[in-house]
Amino acid sequence: MVSFGGLARKIFGSSNDRRVKTLRQRAEQITALEKNYENLTDEQLQAKTAEFRAALAEGKSLDSLLPDAFATAREAAKRVLGMRPFDVQLIGGMVLHERGIAEMRTGEGKTLMATLPVYLNALEGKGVHVVTVNDYLATRDAETMGRLYNFLGLTVGVIKHGLDDDERRAAYACDITYGTNNELGFDYLRDNMKYERAQMVQRPHNYAIVDEVDSILIDEARTPLIISGPLEDRSDFYNLIDTFIPPLAEEDYEVDEKQKTAIFTEVGTEKVEKLLEAAGHLKGESLYDIENVAVVHHLNNALRAHKLFQRDKDYIVRNDEIVIIDEFTGRMMPGRRYSEGLHQALEAKEHVTIQPENQTLASITFQNYFRMYNKLSGMTGTAATEAEEFGNIYGLEVLEIPTNLPVQRIDEDDEVYRTVEEKYRAIVRDIRASHEKGQPILVGTTSIEKSEQLAERLRREGIKGFQVLNARYHEQEAYIIAQAGVPGAVTIATNMAGRGTDIQLGGNLEMRVRQELSDVPEGPEREEKIAAIKADIAQLKEKALAAGGLYVLATERHESRRIDNQLRGRSGRQGDPGRSKFFLSLQDDLMRIFGSDRMDGMLQKLGLKEDEAIVHPWINKALEKAQKKVEARNFEIRKNLLKYDDVMNDQRKVIFEQRLEMMDEEDLTETVAEMRHEVIEDMVILRIPKDAYAEKWDIAGLKQDIASKLNLDLPVEEWAKEEGIAEEEFENRIKEAADKAAAEKAERFGPQIMTYVEKSVIMQSLDNLWREHLVNLDHLRSVVGFRGYAQRDPLNEYKTEAFELFQTMLANLREVVISQLMRVEIVGEAPPEPQLPPMAGLHIDGTTGENDFDEAIWAEHQHDDRIVPPAQRDPADPRTWGKVSRNEPCPCGSGKKYKHCHGAFE
């Protein structure tokens, strides 16, 4: 029976079809201009940029310039890159310009498509950011597409790990800036820890195109970017808490594998309360008293470490360290640590050295970072399954872009086996059969561990010449994945590895030229060798096509349909044939968690024998249903997290805006006077409550407050004896005395020095209190969920208490600032420049989950991001230097710039 909605779609087309139809008409208008642009000389084509900018200056809109700007960029691409954007790429480019997400199949040319809206929007001169998932892709795309932009008179910069502030500032000042989501986010956080606007590197956030948008805005949405600094060593406390968990019985806690939670039952809570009391760590009467917030937090972490995290699945122990394994890619992530004490709980569990916990100095989620852009768009091969989330959270509409040629890939039904062993035997048989007939095979696994297990099986079976993709550097990874289309190639890779690099049947010309001819200079010999490589690739492509094209063989389903679709999408690019198939077992995680017991019983009744598979569309539908459930749950988690993060985000905006205002202020006299008066008002109302009798006044306390907060000795006892004096008179007299003392100090210092001192004190105090506030919010967040048991809404409780904490922080700020300013005196030497605290930022690759810092250096020198004052550096010991700017004199005293001295060895 056909539903009414289905019938309507057949007659009128889906909303996606109708939108594509409208955009196709506009693409045809651009194509109609092609002949005119082909007739222009290079100089005339290049002059178009100035012409468009002049039109914008006269008030024309970007939309009105779109047809001509796209036609210009298309013609320039033909001349400079030898590539002509198809009409479907024009359609995708329009979607990106109109704040949408273009879902474009793998191999259809997303990178080239992006040049069209990038060129158009860069004409405004406000900056366009093209965001990729790793440094390799950012550099590659900036170099390749930079030729096109430079030809058209636009400047291009690239942000990558290892650049100093001057280099970053120059890259952000360009018309177009390529960079990773991590680098852009960290630069924003670092900028808002600087003390002068001139030190900042980023411009206002204008327009961003996010490549692999699903990976960045969905997969990484739960992981905030964090800049942190070390706290004191608390390893004894972690070890003590860890001893409480192993003796617990099953009735002491509840574990929900689906929800990934572990909580103490009432019985368990009583047990750990007694243990804490015996150890002298229980404050108050109950574990859940407010004084025990931090203890509860660490107990919950210890329980999660033991009951939710499995060794060799979620992490491995290597060289006396816990190394996290990424859940999406199965990759090890050296250098990355869980925050909020969870990593220390795992270290205590495995009895390795407990590293000091880090304090959050600044943090932001990708959700809130990218929502700062005036205009945001994205592109990916898989977004339709998450269209609702993109719409709800980012206001982005997903549009599926039709392929230039029909997709010929055959997606076969899943094969389901009863055990993992049976499944792997079938996989090896299938790989052997396809390999022997010369068909290239990409084998997708969910973890590095499983990749290695499969590789070992293939070795035992005598299958040789396969590649296992766990390269540490993205460039090597890109080369291996690019050659996965060679006839007979067997490439084992984790699901997301090598994303951003095409698998072309026969091999990748550009990669082979780079690999084989890197030392051959330009000239006839090089051209001859390139022609030979081209001919070889064409021949290999014919063989691969004859064998059926690329075969994507997946060894397990991921809990997200989107990750599965990404893997399938590696095959069948640009109309090539191909096939894909998933091999599953009832012991796989997804099957085990989502009702495989019932299915196992059914298969036994059907009399399924060993090594026999069940293949049926019903199985695919059942799995898809399970995946939809997981996706819906994950969406709810991310949506809920965003609601909590929005509370912090609103406060973050206030603090960062205040810092910017402070940087720009040339005279802070009025601001400081306001703060001083508010401190005095709070002080008086505390000690002399409104309308209270004189006997209730705390005059001794008021005198003490005036001395400690204002550094003044005032005769308040005498004032209190005066007839008819009220709190208002106290206020006015204290304000007058404090204002007079402040004015005298300002006169002694001089306006310039006074403003400098005020600015330094306010900003450093603000930063210190904000960091403490972030820790308080973390602890509040970790325990507020328990309010649900008392029938109170945890989110509302969090909002209320977070606001109270924020108000308290601002009151403390006023007191700290005024107390310091009323005491500060100038000594002979100039006051030191404000220094950033010791800090480190982890830069995690968006696709593979690896740390993009040089791992060896990062492991040995975790303090490299510290800003160390020159006076504290030992010329003979580079470990004391911290972060040194490339153009700074080398701290060793040689007189050379750092980059030409010790920096040359990095």
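Start at 1 and count along the chain as shown; that gives each residue its number.
Any Cβ shown, glycine's included, is placed from N, Cα and C.
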Candidates Q89, Q515, the one Swiss-Prot lists with G107, E108, G109, K110, T111, D502 as binding ATP: Q89
Intrachain C-beta neighbours of K110 (ATP binding site), sequence separation six or more, cut-off 8 angstroms: G92, A102, M104, D211, M379, T380, G381
Cα-to-Cα gap, D502 (ATP binding site) vs C890 (Zn(2+) binding site), nearest whole Å: 43
Local Cβ density at G109 (ATP binding site) - other Cβ atoms counted within 10 Å: 20
Under 8 Å by Cβ from T111 (ATP binding site), same chain, sequence gap 6 or more: D141, T144, M145, D211
Chain-mates of Q89, G107, E108, G109, K110, T111, D502 with C-beta within 8 Å of site centroid, ATP: M104, T106, L112, M113
Number of Cβ atoms other than its own within 10 Å, given for C890 (Zn(2+) binding site): 20
Inter-residue C-alpha distance, C890 (Zn(2+) binding site) and G109 (ATP binding site) (nearest angstrom): 45
Residues that sit under 8 angstroms from Q89 (ATP binding site) by C-beta distance, when 6+ apart in the chain: E108, G109, L112, M113, L116
DSSP-derived class (H/G/I helix, E/B strand, else coil) of D502 (ATP binding site): coil
Sequence-distant neighbours of G107 (ATP binding site) in its chain (C-beta under 8 A, six or more apart): D502, I503, Q504, R573, Q574
